[in-house]
Structure formats: C-alpha cells, structure tokens
Amino acid sequence: MIRYPNGKSYQPKTAASSLQKKPSYSNRGMTLEDDLNETNMYYQSHSIAVIHKKPTPVQIVQVDYPKRSAAVIKEAYFKQSSTTDYNGVYKGRYIDFEAKETKSRTSFPLQNFHDHQIEHMKQVVAQDGICFVIISAFEEIYFLEAEKLFYFWERKKQNGRKSIRKDELQEAAHPISLGYSPRIDYIKIIDQLYFSPS
C-alpha cells in the first residue's frame, strides 16, 4: 500500500467522482481579456497608444509577521472593481473602457455593469475622454460608445429591458474583426469616430 509522508494511505480518484465535477465559470472573460492585453502590448510596442489594464483591488484580511521584514499575507479577497478595466492615452486623449463578455445568444445582459461603473463612465465623457465598452457576444466583438450604453442603462432604470437585444447591439455598436496583430484593433474605430475629418 502506498502512503503519503504524513502516514495517510493513497486513495485514487474514481471515474465517477471526476464526472460529477461542476463546471467552473471563474475565467469566462479571460479570452477577451487576453486578446485585449495582447492588443495593448502591440499598441505600446509600436508607439501607437499606451493603454493598461487596471489591477483588481484586493482587501487584505490577515497578515502574519514572523519577522519584521517578512510579512506574509494569510487571507485576502478580491474587491469589486470601482471603475473600468482599462485606461490610457491615445493621440493626447484619455481612453477609458470596460471589457465584457456573454454566452447568451439573444441579448447582452446589463447586469454585467454596476452603477458606480456607469457613473465613472459618465464622468469620463463629461471631461471629454473617450469612453466605450468592448463586448464579446454572439461570436462577434463590438465597440459600443459609452453614450449609447447610457441610453440602454437609463431604459433599464425606468423599468425597461434589463438587456440589450442582439439586433439593438448590432445597430448601436461597431463590429471589430479579429486580426493577427493587433488581435482586436479597436484603435481603428477610435480613429473613425474621434479623429477623422468631419
């Protein structure tokens, strides 16, 4: 019989127990996020724009101090992000955006946003910043200007739809084709909307 160093015997996992494992939804948005991070690295390395992902704030609960110079965090939790996912600068203009993903085939749920995020976006727009959402939905990627998101958000708050229908999103947003380098070239749309001659 095989035993661990602590004396307990080895118990192999059975096929039945591995089949009962519940699916994990913890990294649903990682593909979109990874593609955006690669895109932003491309923009920065080619001196196009400087856009960074904001770190998720962490609430530290318990710290051990075995030595004065060696503090060890024993317990910490991710806090709710207070603003948007990404910010930076492009052609002298402040850029601020959120990245969202849904598996729904019919609509984009507005519950993906929080009041404080919408309020932050409104403040950015009021200061003439470029603010938008990159949405991965219906096997497509969309660029939705913050001002258009505000319409859907206000409709929801007036006891209206709690989501953006597929046809509404396709009409209000700008599609972004996936590329190789950069992967999600959202700067093209920013150029069309904010920097092309009228």
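Here the Cβ of each residue, glycine as well, is placed from N, Cα and C on the backbone.
Marked as region 'Disordered' by Swiss-Prot: 1-29.
What Swiss-Prot lists as compositional bias 'Polar residues' is 8-29.
Annotation comment: Swiss-Prot describes T83, D85, E98, Q117 as Mg(2+) binding site, evidence class sequence analysis. Under DSSP, E98 (Mg(2+) binding site) is assigned to a strand (E or B) in the three-state scheme.
The site 'Transition state stabilizer' feature in Swiss-Prot is assigned to K100; the stated evidence is sequence analysis. Taking the Cβ of K100 (site 'Transition state stabilizer') as centre and 10 Å as the limit, one finds 19 other Cβ atoms among all the protein chains shown.
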Cβ neighbour count within 10 Å of E98 (Mg(2+) binding site): 23
Inter-residue C-alpha distance, Q117 (Mg(2+) binding site) and K100 (site 'Transition state stabilizer') (nearest angstrom): 12
For T83 (Mg(2+) binding site), nearby residues of its own chain (Cβ under 8 Å, 6 or more apart in sequence): K54, D96, H116, Q117, H120
